[in-house]
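Student: This is the structure I want to talk about, given as C-alpha coordinates.
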Amino acid sequence: MDLKQIAGEYAATFVKDGMKIGLGTGSTAYWTIQKLGQRVKEGLSIQAVPTSKETEALAQQLNIPLISLNDVQSLDLTIDGADEIDSNLQLIKGGGGALLREKIVASSSKELIIIIDESKVVTRLGTFPLPIEIIPFAWKQTESKIQSLGCQTTLRLKNNETFITDNNNMIIDCIFPNHIPTPSDLHKRLKMITGVVETGLFVNMTSKAIIGTKNGIQEL
(Lines of atoms letter the chains of each structure in order from A and count residues from 1; the text may use other names and numbers.)
(Lines give C-alpha, C1' and ligand atoms only; values in the text may rest on other atoms or scores of the structure.)
Protein backbone atom coordinates (compact mmCIF):
# COMPACT_ATOMS: atom_id res chain seq x y z
CA MET A 1 0.00 0.00 0.00
CA ASP A 2 1.15 3.54 -0.79
CA LEU A 3 2.65 5.36 2.23
CA LYS A 4 0.35 8.34 1.65
CA GLN A 5 -2.64 6.01 1.60
CA ILE A 6 -1.54 4.38 4.87
CA ALA A 7 -1.27 7.76 6.64
CA GLY A 8 -4.41 9.18 5.06
CA GLU A 9 -6.66 6.26 5.90
CA TYR A 10 -5.30 5.99 9.45
CA ALA A 11 -6.03 9.68 10.09
CA ALA A 12 -9.69 9.09 9.21
CA THR A 13 -10.01 6.97 12.38
CA PHE A 14 -9.69 10.16 14.46
CA VAL A 15 -12.98 11.45 13.04
CA LYS A 16 -15.89 10.62 15.36
CA ASP A 17 -19.65 10.74 14.92
CA GLY A 18 -21.10 14.25 15.10
CA MET A 19 -17.84 16.07 14.37
CA LYS A 20 -17.47 19.17 12.24
CA ILE A 21 -14.21 18.77 10.34
CA GLY A 22 -11.93 20.48 7.83
CA LEU A 23 -10.98 18.49 4.74
CA GLY A 24 -7.49 19.16 3.42
CA THR A 25 -6.23 19.29 -0.14
CA GLY A 26 -3.65 17.15 -1.91
CA SER A 27 -2.58 13.61 -2.65
CA THR A 28 -2.48 12.43 0.98
CA ALA A 29 -5.68 14.17 2.11
CA TYR A 30 -7.33 12.45 -0.87
CA TRP A 31 -7.05 9.11 0.93
CA THR A 32 -8.55 10.50 4.14
CA ILE A 33 -11.50 11.89 2.20
CA GLN A 34 -12.00 8.59 0.38
CA LYS A 35 -12.03 6.71 3.70
CA LEU A 36 -14.44 9.22 5.23
CA GLY A 37 -16.72 8.83 2.22
CA GLN A 38 -16.78 5.10 2.90
CA ARG A 39 -17.54 5.68 6.60
CA VAL A 40 -20.33 8.15 5.77
CA LYS A 41 -21.86 5.51 3.51
CA GLU A 42 -21.71 3.13 6.50
CA GLY A 43 -23.55 5.63 8.73
CA LEU A 44 -20.96 8.10 10.09
CA SER A 45 -22.59 11.49 10.70
CA ILE A 46 -20.24 14.43 10.07
CA GLN A 47 -20.22 17.88 8.50
CA ALA A 48 -17.19 19.10 6.59
CA VAL A 49 -15.58 22.28 5.31
CA PRO A 50 -13.41 21.80 2.19
CA THR A 51 -10.15 23.73 1.80
CA SER A 52 -10.34 23.95 -1.99
CA LYS A 53 -12.69 23.61 -4.95
CA GLU A 54 -10.90 20.35 -5.77
CA THR A 55 -11.66 18.92 -2.33
CA GLU A 56 -15.21 20.24 -2.46
CA ALA A 57 -15.83 18.35 -5.71
CA LEU A 58 -14.38 15.12 -4.29
CA ALA A 59 -16.44 15.37 -1.09
CA GLN A 60 -19.63 16.00 -3.06
CA GLN A 61 -18.88 12.99 -5.24
CA LEU A 62 -18.60 10.86 -2.07
CA ASN A 63 -21.76 12.36 -0.52
CA ILE A 64 -19.92 13.87 2.45
CA PRO A 65 -22.19 16.63 3.87
CA LEU A 66 -20.56 20.05 3.42
CA ILE A 67 -21.07 23.25 5.39
CA SER A 68 -19.73 26.79 5.19
CA LEU A 69 -17.19 27.97 7.76
CA ASN A 70 -19.42 31.05 8.13
CA ASP A 71 -22.10 28.84 9.69
CA VAL A 72 -20.03 27.43 12.57
CA GLN A 73 -17.98 28.95 15.39
CA SER A 74 -15.21 26.37 15.13
CA LEU A 75 -14.31 22.95 13.78
CA ASP A 76 -13.42 19.92 15.91
CA LEU A 77 -10.63 18.74 13.67
CA THR A 78 -8.88 19.38 10.37
CA ILE A 79 -6.87 16.71 8.55
CA ASP A 80 -4.47 17.94 5.88
CA GLY A 81 -1.17 17.15 4.21
CA ALA A 82 2.09 19.11 4.09
CA ASP A 83 5.05 19.57 1.78
CA GLU A 84 7.57 19.64 4.64
CA ILE A 85 7.46 19.18 8.41
CA ASP A 86 10.20 19.57 11.03
CA SER A 87 10.55 18.09 14.53
CA ASN A 88 8.74 21.12 16.02
CA LEU A 89 5.70 20.40 13.81
CA GLN A 90 6.33 23.52 11.75
CA LEU A 91 5.19 23.16 8.16
CA ILE A 92 5.55 24.32 4.60
CA LYS A 93 2.23 23.94 2.80
CA GLY A 94 0.82 25.23 -0.45
CA GLY A 95 2.37 22.99 -3.07
CA GLY A 96 -1.15 22.39 -4.35
CA GLY A 97 -1.99 26.08 -4.28
CA ALA A 98 -4.64 26.02 -1.54
CA LEU A 99 -2.56 27.49 1.31
CA LEU A 100 -4.83 30.45 2.17
CA ARG A 101 -8.01 28.43 2.58
CA GLU A 102 -6.04 25.64 4.27
CA LYS A 103 -4.71 28.11 6.84
CA ILE A 104 -8.12 29.72 7.45
CA VAL A 105 -9.71 26.31 8.05
CA ALA A 106 -6.79 25.08 10.20
CA SER A 107 -6.87 28.22 12.37
CA SER A 108 -10.60 27.67 12.93
CA SER A 109 -10.04 24.11 14.18
CA LYS A 110 -9.50 22.85 17.71
CA GLU A 111 -7.03 20.31 16.37
CA LEU A 112 -4.91 20.03 13.21
CA ILE A 113 -3.65 16.59 12.21
CA ILE A 114 -1.04 16.58 9.46
CA ILE A 115 -0.66 13.47 7.30
CA ILE A 116 2.53 12.83 5.34
CA ASP A 117 4.86 10.14 4.10
CA GLU A 118 8.34 9.91 5.59
CA SER A 119 9.96 11.79 2.68
CA LYS A 120 8.35 15.04 3.94
CA VAL A 121 10.13 15.01 7.33
CA VAL A 122 13.11 17.41 7.40
CA THR A 123 15.55 18.78 9.96
CA ARG A 124 15.06 22.35 8.70
CA LEU A 125 12.32 23.77 6.49
CA GLY A 126 13.15 25.22 3.10
CA THR A 127 14.31 22.55 0.67
CA PHE A 128 10.77 22.60 -0.73
CA PRO A 129 10.06 26.04 -2.23
CA LEU A 130 8.00 28.23 0.10
CA PRO A 131 4.73 29.29 -1.57
CA ILE A 132 3.53 32.85 -0.97
CA GLU A 133 0.08 33.93 -2.13
CA ILE A 134 0.02 37.48 -3.47
CA ILE A 135 -2.55 39.72 -5.14
CA PRO A 136 -2.15 40.13 -8.93
CA PHE A 137 -2.12 43.96 -8.85
CA ALA A 138 1.50 45.18 -9.13
CA TRP A 139 2.71 41.65 -8.48
CA LYS A 140 6.23 42.38 -9.73
CA GLN A 141 6.60 45.07 -7.06
CA THR A 142 5.54 42.55 -4.43
CA GLU A 143 7.91 39.92 -5.83
CA SER A 144 10.80 42.40 -5.69
CA LYS A 145 10.13 43.10 -2.01
CA ILE A 146 10.00 39.36 -1.30
CA GLN A 147 13.36 38.93 -3.07
CA SER A 148 14.86 41.60 -0.80
CA LEU A 149 14.58 39.06 2.05
CA GLY A 150 17.28 37.00 0.33
CA CYS A 151 15.40 34.41 -1.69
CA GLN A 152 15.14 33.33 -5.30
CA THR A 153 11.59 33.57 -6.61
CA THR A 154 9.55 31.94 -9.34
CA LEU A 155 6.05 32.89 -10.41
CA ARG A 156 4.00 29.69 -10.35
CA LEU A 157 2.67 28.54 -13.72
CA LYS A 158 0.21 25.85 -14.76
CA ASN A 159 0.06 24.67 -18.37
CA ASN A 160 2.40 27.55 -19.29
CA GLU A 161 0.00 30.12 -17.89
CA THR A 162 0.02 31.98 -14.57
CA PHE A 163 -1.42 29.76 -11.84
CA ILE A 164 -4.48 31.37 -10.27
CA THR A 165 -5.66 30.27 -6.81
CA ASP A 166 -9.26 29.63 -5.77
CA ASN A 167 -9.16 33.20 -4.40
CA ASN A 168 -8.07 34.65 -7.77
CA ASN A 169 -4.57 35.38 -6.49
CA MET A 170 -1.10 34.37 -7.71
CA ILE A 171 1.64 32.32 -6.04
CA ILE A 172 5.35 33.10 -5.81
CA ASP A 173 7.54 30.09 -4.92
CA CYS A 174 10.65 31.03 -2.93
CA ILE A 175 13.95 29.27 -2.30
CA PHE A 176 16.10 30.54 0.57
CA PRO A 177 19.79 29.54 0.11
CA ASN A 178 20.29 28.71 3.81
CA HIS A 179 16.86 27.19 4.28
CA ILE A 180 14.54 28.73 6.91
CA PRO A 181 16.15 28.73 10.39
CA THR A 182 13.33 30.64 12.12
CA PRO A 183 10.00 30.11 10.31
CA SER A 184 7.99 32.34 12.67
CA ASP A 185 10.28 35.33 12.04
CA LEU A 186 10.24 34.85 8.28
CA HIS A 187 6.45 34.53 8.27
CA LYS A 188 6.10 37.84 10.13
CA ARG A 189 8.51 39.64 7.78
CA LEU A 190 6.72 38.35 4.70
CA LYS A 191 3.30 39.30 6.05
CA MET A 192 4.50 42.89 6.50
CA ILE A 193 4.99 43.21 2.74
CA THR A 194 2.04 44.96 1.12
CA GLY A 195 0.57 42.66 -1.52
CA VAL A 196 1.35 39.44 0.36
CA VAL A 197 -1.90 37.72 1.27
CA GLU A 198 -0.52 34.67 3.11
CA THR A 199 2.55 32.46 3.40
CA GLY A 200 2.87 28.69 3.29
CA LEU A 201 4.54 28.65 6.71
CA PHE A 202 2.28 27.00 9.30
CA VAL A 203 3.80 27.69 12.73
CA ASN A 204 2.35 26.59 16.10
CA MET A 205 -0.77 25.19 14.45
CA THR A 206 -0.21 21.42 14.26
CA SER A 207 -1.47 19.17 17.06
CA LYS A 208 -0.17 15.89 15.67
CA ALA A 209 1.58 14.47 12.62
CA ILE A 210 0.83 11.03 11.23
CA ILE A 211 3.69 9.70 9.12
CA GLY A 212 3.40 6.79 6.74
CA THR A 213 6.69 4.87 6.82
CA LYS A 214 7.93 1.58 5.38
CA ASN A 215 7.57 0.18 8.91
CA GLY A 216 4.01 1.41 9.41
CA ILE A 217 2.50 4.45 11.09
CA GLN A 218 4.57 6.84 13.19
CA GLU A 219 3.16 9.76 15.18
CA LEU A 220 4.90 13.05 16.01
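Any Cβ shown, glycine's included, is placed from N, Cα and C.
Take a look at what Swiss-Prot says about it:
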- GLU102: active site, proton acceptor (ACT_SITE)
- THR25, GLY26, SER27, THR28, ASP80, GLY81, ALA82, ASP83, LYS93, GLY94, GLY95, GLY96, LYS120: substrate binding site (BINDING)
Student: What number of additional C-beta atoms lies within 10 angstroms of the C-beta atom of GLU102 (active site, proton acceptor)?
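Tutor: The answer is 30.
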Student: If you measure GLY95 (substrate binding site) to GLU102 (active site, proton acceptor) at Cα, how many Å is it?
Tutor: 11
Student: Measuring Cα to Cα, how many angstrom lie between ALA82 (substrate binding site) and the residue listed as 'active site, proton acceptor'?
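Tutor: Distance (Cα to Cα, whole Å): 10 Å.
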Student: Restricting to the binding-site residues THR25, SER27, ASP80, LYS93, which ones have a CA within 10 Å of the CA of GLU102 (active site, proton acceptor)?
Tutor: THR25, ASP80, LYS93
